[in-house]
Amino acid sequence: MLLFALGFLLVILQPSAGQFPRVCANVQSLLSKECCPLWDGDGSPCGELSNRGSCQNILLSQAPLGPQFPFSGVDDREDWPSVFYNRTCRCEGNFMGFNCGECKFGFSGLNCTERQVKTRRNIFQLTASEKNKFLAYLNLAKNIPSQDYVIATGTYTQMNNGSNPMFRDINVYDLFVWMHYYASRDTLLGGSNVWRDIDFAHEAPGFLPWHRVFLLMWERQIQRITGDENFTIPYWDWRDAEDCEVCNDEYMGGRHPTNPNLLSPASIFSSWQVICTRSEDYNSQQALCSATSEGPIRRNPGNNDKSRTPRLPSSADVEFCLSLTQYESGPMDKMANYSFRNTLEGFADPQTAISNPAQSGLHNALHIYMNGSMSQVQGSANDPIFVLHHAFVDSIFERWLRRHRPMLEVYPAANAPIGHNRENYMVPFIPLYRNGEFFKPSRELGYDYEYLQEPALQSFQDFLMPYLQEARQIWAWLVGAAVFGGIVTAVLTGLVRACRKKKGGTSSEIQPLLIESEDYNNISYQSNF
């Protein structure tokens with residue numbers, strides 16, 4: 001009871017991160033299209049009196065999009081969040097939040113000037129008390145309402161263009177389930193028509209940055225409601241696993257003794273109710289998920305379609321994926337070949353990097369393997385294994401960033417599927433985050449992974465790999481330069497010797513001493529090449 005009371009108090013006192021800020025979910029804000037809440041610290045919008053930020057027009061990217069979404073003006077998520085708001089808080093320095101009342105990821109302190117890097121750890125390396133605390137935190141989030149955010153239960157049109165707000169309360173855990181649903185839901189076109197080839201969080205370049213932000217926000221929310229500022233999300237390293245190692249009552253819930261599709265009654269997660277899993281119902285009703293309960297978590301790991309996902313990913317799969325030098329390629333969707341993103345996401349073969357949507361590799365393989373709530377994209381975050389899984393996927397993304405050290409320009413600036421260009425704002429986050437802002441090493445965002453800190457051989461290989469690949473690319477030039485240098489040296493040597501022979505009759509007493517012959521071969525000649 002003490003933990004619950006503490007959670008309520010902390011949620012009331014501090015802002016959280018999520019979707020629609022409660023203070024902006026009203027007629028005035030929607031009709032004015034402005035969401036610039038007051039900061040409690042000085043009572044001014046966006047903390048302007050304290051130089052934290054100011055209310056500014058939203059600057060939208062004008063870069064062209066890919067051909068996957070052939071419509072315009074039919075989906076509230078287009079040019080996010082301009083359908084709902086075109087003025088929000090623009091925070092200065094290290095301040096962040098819908099009212100600039102928080103610190104950016106990786107900073108803390110009264111004025112957000114203290115750098116910090118926290119470590120995410122393997123769930124099997126946690127002590128019993130740490131593991132039990134993590135499970136208790138999950139359950140707390142499932143049972144405590146968000147005080148700062150609400151969810152939309154209707155489209156902007158159904159809200160009569162803002163004059164009839166349609167929002168409802170939601171608990172902290174389900175807030176994130178709903179956000180994942182909202183980013184990946186189909187476009188409602190009216191009548192019974194929908195457009196399915198759209199997703200603001202998957203099947204395109206933003207997949208990895210989007211889930212990186214999602215986890216950072218989720219992690220911070222747990223820190224807030226528990227008062228445990230040192231909390232970090234654990235990860236499950238599923239490489240070479242023979243089965244679901246976390247699927248037992250000690251961790252994320254075992255199998256029900258009589259119904260293999262449900263969780264064991266001994267698990268705290270057996271009482272959880274899922275939301276946003278009935279996409280076909282929402283589509284037929286042309287409605288949004290309203291976050292009503294839709295039954296228990298379903299999970300039957302390993303009893304999936306083996307023709308699509310024959311096994312869990314291997315270490316070799318991960319290493320091959322990490323060797324790919326291109327972050328994105330071709331159409332920049334699930335048909336992309338030789339794309340690190342598409343291979344890690346699981347639409348390309350983890351042994352060839354050739355697109356094959358009929359198979360599920362790496363990230364996708366885990367979702368399909370779980371054979372239940374995790375296996376349906378829009379509602380997959382209902383299963384708490386989701387955060388363990390995506391934390392490890394993010395660590396693979398981090399390894400790729402450290403190995404290849406890409407410039408920001410490597411992330412596509414244009415022609416990606418809708419919502420996935422570098423300067424697009426991610427749906428449905430408020431405060432606003434651009435895709436490109438999270439295409440950077442995790443330590444710059446305030447966190448690291450335990451297994452990436454170990455001075456192992458792999459870390460050394462990751463360090464050397466960019467230089468080895470660069471040397472491999474210019475090898476032909478290096479050989480050519482060496483041959484050219486050798487020819488120049490031989491010619492010059494011959495010329496000098498010829499000159500010496502020609503002057504052989506000159507008295508040694510009057511011959512100028514240019515250089516000792518034994519030192520001559522130490523001269524090095526460098527071409528501009």
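Any Cβ shown, glycine's included, is placed from N, Cα and C.
Annotated features in TrEMBL:
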- 1-18: signal peptide (SIGNAL)
- 202-219: domain 'Tyrosinase copper-binding' (DOMAIN)
- 287-313: region 'Disordered' (REGION)
- 383-394: domain 'Tyrosinase copper-binding' (DOMAIN)
- 474-496: transmembrane segment (TRANSMEM)
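Within its own chain, the domain 'Tyrosinase copper-binding' (383-394) is flanked in space by residues 120, 123, 138, 208, 211-212, 214-215, 218, 233-238, 244, 246-247, 252, 269, 272, 297, 299, 344, 362-363, 366-367, 370, 372-374, 442, which lie at least six positions past its ends and keep a Cβ under 8 Å from the stretch. As a summary of secondary structure, the domain 'Tyrosinase copper-binding' (202-219) carries 13 helix, 0 strand, 5 coil according to DSSP.
Summarising model confidence by region, the domain 'Tyrosinase copper-binding' (383-394) averages a pLDDT of 98. When DSSP labels each residue, the region 'Disordered' (287-313) comes out as 0 helix, 1 strand, 26 coil, counted as helix, strand and coil in that order.
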